[in-house]
């Protein structure tokens, strides 16, 4: 759920988006800034804010850069961004694709003025679309899908009478996962792909309307949650109010929310599509307790994302919940990694076991996933060294077996321990006394009535996928 | 326990120290760096590392600066610091005394070569000592007490046959709180004031000896805990081994460890003078449950430092423990504070209530202290807004009533809510349904047999104190 | 000719371009870096380098930023740019258009791969072309003309069999001033607009071919001058050698080189289109001596650009040449400007009179231009205060009266002192004893047989111009 | 005379000092800033400003750092330095001794309050004095002589009734070269060593008194030159006016001004001890013409410091003066040096020959010194390549043969070409057609009646010297 987890698990989300439109004309840049802060866990590579005003010259000012929100913006810069309509973005990317040019929001001039776009998600037909566009003379200055989307909106805008229409027509062409916030002169538009793979919600504070990837960002800026943008919905905010276009929506049972938002990506204080993330993880923990009961003295979670599931396991099993770890909250983006030759390991620097808590105890340790297995093995070793007599590992997600084409940065198969090992083999490799993964059929308990995508566990994709990793295709 | 807490409570520790001496001649700068990382919660204003070698030219290289450890050091700088004997420091200071010149370690040339000194604590007779030194022609380039200590060591060194002796003689003059790590050519010396106000411990990894303010820093670098340096003890590490001089020690019952290390400063995974901090806080929570029982549905802790005490309260009372808050771990040193006029409050940005957890519940909320009361009031308001029906506040320390002269940065009396209000008045001001502070007489349960200093609660100082704030006397 | 002059005169050039292609496969980034250094006088706002290789993956790496070449690049970054084909750019811009996004080279993906483009000059039909492109769905991410050029090349490339052809077809559409260096996979193309408004030359060092805005950059990197790229010429460098396409060329007498390159922009050690800049300025000084003889004791030039013309005046008139000024070479881009209330003036800080030289003397002071008149007045005052008995001002260019649409940043009319005052009025306002401007008809002596553009003095533009300032049209 | 020369010749000055005291209570930090700008040629490694006020709390605020004046100070920092009494410093140092801790002014607390000290020069008995101080318990935090001076002032202040007296008594102990500006609460004191090795002058602007290393800094801030501080003089500025103490002065004929200030260090627009630097260099050039006449077509100077002497040679010989070089004014402190393997040389990047000027000419090339000979050889090669038929080199100083102990950073003997080669050998090595060094006996013509130090040419030191290089003794 933050940099620490990213490093330990090797997983990463693609982005967080945030938009704000103050009908009373106040500057929104500080609100976007604090909103991005609350979404920082969704991307730590780069960030940016673009603002315009709806009453004056309608120029766009933007600031983007590599780094965390508090590294990219200083007070002077933030307060120099004037305007009552703004959009912001935090971006995650694997090291290879890390380029200043790829920072968002993307700000473009097109036939109708200036458009700023923030986008979370990956397109599955990006290669075809870029090729198509290039064959009509398009040029690309970044390697992000958002530029493809922007092109389509710009081209469609020529044939339509409104930006909303253009967005809709663009959505007919693009395939894959996307949550979009777009500002066109005097308009703020939010949209989700028909499958609802990526989350987006709407909030309000006084006369300011807000779009955010997660509801936690609404709380951070003192806004009320209004509702989720629905899968396939286009919501448009103008001075005349809110408009909704549902014509791209598909049947609820075909929708495919990313289950990993609930397992790992989203903050526990967010509620997505009516399901609270804390509740969802608690349920996962309970399910694990039902599936894999064990005699033990203490249930502990690996911070931060394993904590709630551990609580659920504890509640269901009756085994006491404990805090076994101290996590160092100062290990940031620019932390100097220990060399192989150095005795300090990254895990030890980030996480320490509280011996007092675990000594002489049989431990149930809950974490959200196992990627390569090395971090998990290290933590188990630390627990045993601290005196734990047994360590039973429970994982609140099924084993990763298939690539994600929608924006989750799952390592390639050869790096995924579950790809080439049985659960028993993995248990032995990590040194656990027992090991249980969340059962695929129980995932549905986490999200109630919602239909979801679990393709990374099952290989059942909700749409046609490229069949190979295209995330670096344009680097 | 980190920047977040510092902001919410307004309290701050003065420093963390770390020293390493590799008998096999390996470079210790990376070890010092990771050690300081583990001590970062003790000071976020500035930091520094000074290294020398014991086999070659014995020059000292140092790097100091304002900022966090990962802001001051980059990989190139860190790996350019060559030498097998090094000392590091993280420093906290109120804004007023924040100066680059005050960063430590202090590196000085004196008659016997170069000496580097890292110091945690405040002297109570610093004014007199500086005056005395000035009257014999001393000049001061910083406003930190460490320079006074360095002067005394240098002057005593002229009359003695060893650096250890000089340190001892200096200790006869200086009064107050100090944990020192000093490197003299080919020697590393650790010392604690006779009262033991500040912690210091000794560790070992292969042939590398380590001093650290807290044992958590030993774990971070993969070292074994050897023992605490005792109050009044001088421990000297040379190639011939470890020497101890206990001649400055006083009777155990006169010792006066800072109780606030256990309540708030130290990391829960540290053990100081034989008492584990986690255990200590758990005990405090249990004591609160005994003193102030209440009918409630859930016990929650304010992250991070209230969490363990909340666990203790839960265990003693049988009321379930819950996680009511999500803390944003990205709010760093350079975070742009919201303006008064902005709707976002610092508290909301840092902390969000998980509604799911608290809705409809009667809550016991445990925190480590109340300073001004405003943050506490904000958090209670958030809980109630999220649906908590009652909020009973339990504070794991007695009310602050007296200034600290030993290095804890307690706000002045007029800012301390407890100074001018009764508990009932405070309860009303913060909007709690009930309020209970840790009872002074129960503090001893937190630390077992150890004698401690609780002067900030009782006004009973273990030694003569200046009677006025001298922390900014030399600015 | 450098930052100092820019400040004193208020004039600025638009850019410098540099390209290098090492047929032997060596890395060219350092060569581009040193080449840009030699062109730094042409633009101090931002700079950038993009490199690719012609033998391997042919990815493009680039680094761009606001600032001088030595501010944007450090050694690590420079040496991380691998590839044997590279292009660089230094950019000048008025404060308003200063945006990180506008830094060049522009790197784009198009149908044939990656293309990097560096461009000096302004298009006169940019507004029409952008509009046209937008109406076919183009999006723009910068406000620079180069993006328009890139689009045209990309679109033309679809219809043609080679990049050279595409450049030629693009040139048929774009109007105005441009010197271009373009790298397409395995090719480096240089081109000048048919009027030759902006300079570009070709050099060679071993097996490395080089394009540069000025020949001084060839000398800086140890390359031999091969020849100028001709007005309207497209020169293409591939592994098969050099190709030239002259089909866009126009009759020599219609060509219109910017005369201001010779008067002020270019370095005195450059030779452009066969005319040496030093020689050109010397000639201007001689012409001034013929036009405006005066009895005086000393001829002095205002550093740096007035020095050579002063030498010419001296040679022609027989009046001794002297060095009256010391220029402070440390006044850089980030210099804190004195406030109005401060007694120090920018002029005094940058320039000091050597009293010894001017005391009691009748001075002829030569400068390249008068824009607002205030700097000139200040310098005259300093000379008189230092004891000069008379100051006769000679300006090596005619009065500015008309806007430039080709990339020279001439202030608007209301700021131009010559626009609303007679020469006699100006003389009185600046406090000179006499004042003579270069006669328009003598400009031709500066450039021999070459035909040139002097529209800023005469209003006779070599092509249709927009009739209003469009330099900020897309901000 | 600036970074460029430093690199080409390998010589460096130790420092520049500047002080300002506004009797009317205005802030002086901006004045000190612009004064330091004008002295930047005296030191580019680090700089600093310390200010206090004489009417209020009399605290001292300071800012110091590595880098040029415009790199270390931004507008916010500069304008935050409040106070009407301030002192500033620019420092040069060889790479080895480059440490942030050594930046000046040195600000110390001593028995009488806070004292800030800026110092130019080296002490010859620094080792003895440090040892003596250490034996009485002194500690040193820097490796600069200024700390030794500060200690002596502090110690003497205990025995005397005024700071001036303390400075005088300190001057009785310290030996070597020094120009000092000291601020003690409500006082600004300037002092020069009895030999007058380093320059210092006094200026005034309205009610602000100013000390500066060179008069050019007075001009830069709009102040009038009042007079030079005399060798051995102590000038004290208080609200009661100016006091002078001449009791440390020695006979004029024993004074020993550094002749290299006139040859190279000082700016041509400065006047030191009544002798104008421009005049002095002009005289040197004339002397060279008398000593070494030659048939030639053009006299050229190597920028910047050779230019005036070239003018003198031209005036005396009647051979025309020409500008043969373009110097790149953007090559700054952080310039990435070409690797050996790269074809670009540092000389070519910094300096280019204007072929037009030198082609077919017999050239007299004047420079201020030859250190290693490599740069000179490179320049001659460039001239010949550009078509010069003969290059006759004239050096406006005698050959360096002896070390300087007073603060001039002359390379060690093995690096000095003149140390081990005859003039004829050097001529051949550098490829000159003839070579003439300034004759030692003609140096006196440069400075009129003043007595001076020429020990680096003659080995005749004005005082006892250490006999070995002690400049790095405390590193």
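Yeah, the Cβs are placed from backbone N, Cα and C, and that goes for glycine too.
Bear in mind that the values here come from a model prediction, so they are computed numbers and not experimental data.
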Identity of the [4Fe-4S] cluster-site residue among B:258, B:376 (reference: B:404, B:453, B:456, source: TrEMBL): B:258
Given TrEMBL lists B:367, B:368 for Mg(2+), the same-site residue among B:291, B:305, B:314, B:434: B:305
Coarse DSSP state, helix versus strand versus coil, of residue B:305 (Mg(2+) binding site): coil
Any further residue of that chain within 8 Å (Cβ to the Cβ centroid of B:258, B:404, B:453, B:456) of the recorded [4Fe-4S] cluster site: B:197, B:259, B:260, B:406, B:408, B:454, B:455
Among B:15, B:305, B:367, B:368, which are recorded as recorded positions, the nearest neighbour of residue B:404 ([4Fe-4S] cluster binding site) by Cα: B:15
Binding-site residues (B:258, B:453), the one with most neighbouring Cβ atoms at 10 Å: B:258
Under 8 Å by Cβ from residue B:367 (Mg(2+) binding site), same chain, sequence gap 6 or more: B:301, B:302, B:305, B:306, B:376, B:393, B:394, B:395, B:396
Length of the line joining the Cα atoms of residue B:258 ([4Fe-4S] cluster binding site) and residue B:368 (Mg(2+) binding site), in Å: 15
Cα-nearest neighbour of residue B:368 (Mg(2+) binding site) within the listed recorded positions, B:15, B:453, B:456: B:456
Average pLDDT across the domain 'Glutamine amidotransferase type-2' (B:15-240), rounded to a whole number: 92
Three-class DSSP secondary structure - residue B:456 ([4Fe-4S] cluster binding site): helix
Long-range Cβ environment of residue B:15 (active site, nucleophile), under 8 Å and at least 6 residues apart: B:42, B:43, B:89, B:90, B:91, B:92, B:104, B:118, B:119, B:120, B:121, B:213, B:407
Those residues of the chain, 6+ apart, with a Cβ under 8 Å from that of residue B:456 ([4Fe-4S] cluster binding site): B:260, B:400, B:401, B:402, B:403, B:404, B:408, B:410
